[in-house]
Amino acid sequence: MNQISNPLKGNNNKIPIWFMRQAGRYLSEYKKVRETTKNFLDFCYDVNKATEVTLQPIKRYGFDAAIIFSDILVLPHAFGWEIDFKENIGPILKQFKSQEDFKYLQSNPNNKLGKVYEIIKKVKADLTSTTSLIGFAGSPWTVMSYMLEGKGKHDFKTSKKFIYENKILAKELLNFITEKTADHLINQAKSGADVLKLFDSWSGVLPEDEFTKFVIEPTKKIILKVKEVFPKIPMIAFPKGAGLLYEKFIKEVPVDILAVDQMVPLEKMKKWSDKVIVQGNLDPVVLLTNKEIIKEKAYKIIQEMKGKNFIFNLGHGILPKTPPENVEFLTECIRSCE
């Protein structure tokens with residue numbers, strides 16, 4: 001049985017495992033391939049290289065799912081938006097400010113997303129039937145906030161000020177991104193993705209009213225649109241940092257799998273697993289420590305979630321300085337509990 005695609009697993013003894021950023025800079029084999037292409041987005045669009053790095057952690061660790069190597073910002077980039085990735089800085093974007101910018105976004109599509117779908121097809125052909133392939137996109141609020149801020153890590157003052165002061169334009173931009181995100185996910189499913197995930201990295205910065213408008217409502221629209229075409233495809237949502245609003249999210253969004261960050265108590269995860277499959281939530285920093293700590297923290301999660309609808313993952317992505325042998329040890333710990 002494909003453990004991630006069928007996470008309500010008929011085999012309750014097997015805990016599905018995969019990790020966010022499982023293909024990445026902590027792997028020497030990844031760095032070797034990455035060094036061959038200077039521009040990060042060019043690397044994301046290179047069919048052979050992106051396929052190779054997607055498969056690397058599967059070959060090394062035997063995870064239950066591969067997640068396609070791509071980036072959440074390929075979507076605005078596919079509509080002509082200026083994006084550059086600076087070494088040790090992150091993405092730098094043209095800042096979205098006006099109705100003129102919205103008109104530009106609507107009139108400058110390109111065919112770059114076709115490369116993503118080619119990569120999915122190529123990866124799918126190389127995976128066994130027991131390994132799921134996860135396609136993904138950034139959730140509308142997170143993609144929108146990158147465009148409004150013009151950069152990555154930030155304090156979100158610019159984004160929030162914009163949505164408060166420009167309600168109509170903010171809604172137009174949100175709706176545009178929502179529609180295109182749904183289309184992007186549908187095309188990934190058509191190309192062979194078994195599971196789809198929405199990453200909302202910055203959802204936790206919004207107050208409740210804005211969380212409803214910019215996180216819950218667009219996520220719900222995307223899921224419903226995808227399910228019209230692929231009613232049985234499992235969909236994962238990750239409203240990172242949602243805190244107390246996770247429960248509102250579960251109640252209002254028809255998601256199959258809820259990914260949670262490391263700040264969510266295990267008691268909450270157990271409770272929620274009666275309504276939705278829960279994915280998470282080991283602190284990625286634990287993988288920077290030693291085997292004793294890794295084993296202790298992993299076993300605690302496994303014991304608490306035993307018999308529940310649960311997928312083992314981290315609370316966020318694998319950190320670049322993570323020793324690969326620690327990832328292997330964690331995987332062995334989880335497998336030993338089956």
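For all residues, glycine too, the Cβ spot is worked out from N, Cα and C.
A quick note: this is a predicted structure, and the numbers were derived from the prediction, not measured.
Per Swiss-Prot, substrate binding site is recorded for ARG21, GLN22, ALA23, GLY24, ARG25, ASP71, TYR146, SER201, HIS316. Secondary structure at TYR146 (substrate binding site), taken from DSSP and collapsed to helix, strand or coil, is helix. Long-range Cβ proximity for TYR146 (substrate binding site), meaning a same-chain Cβ under 8 A and a gap of 6 or more residues, is found for ILE72, LEU73, PRO76, PRO91, LEU93, GLY138, GLY152.
Residues annotated as site 'Transition state stabilizer' in Swiss-Prot: ASP71. Sequence-distant neighbours of ASP71 (site 'Transition state stabilizer') (same chain, six or more apart, CB under 8 Å from its CB) are PHE40, LEU41, CYS44, listed in sequence order.
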- Among all chains shown, work out which of the binding-site residues ARG21, ARG25 has the most CB atoms within 10 A of its CB. ARG21
- Task: Count the other Cβ atoms sitting within 10 Å of the Cβ of HIS316 (substrate binding site), across every protein chain shown.
- Result: 23
- Note on the structure: The correct three-state DSSP answer for ALA23 (substrate binding site) is coil
- Query: Taking ARG21, GLN22, ALA23, GLY24, ARG25, ASP71, TYR146, SER201, HIS316 as the record's substrate-binding set, what's the max Cα pairwise distance in Å, rounded to a whole number?
  - Reply: 23
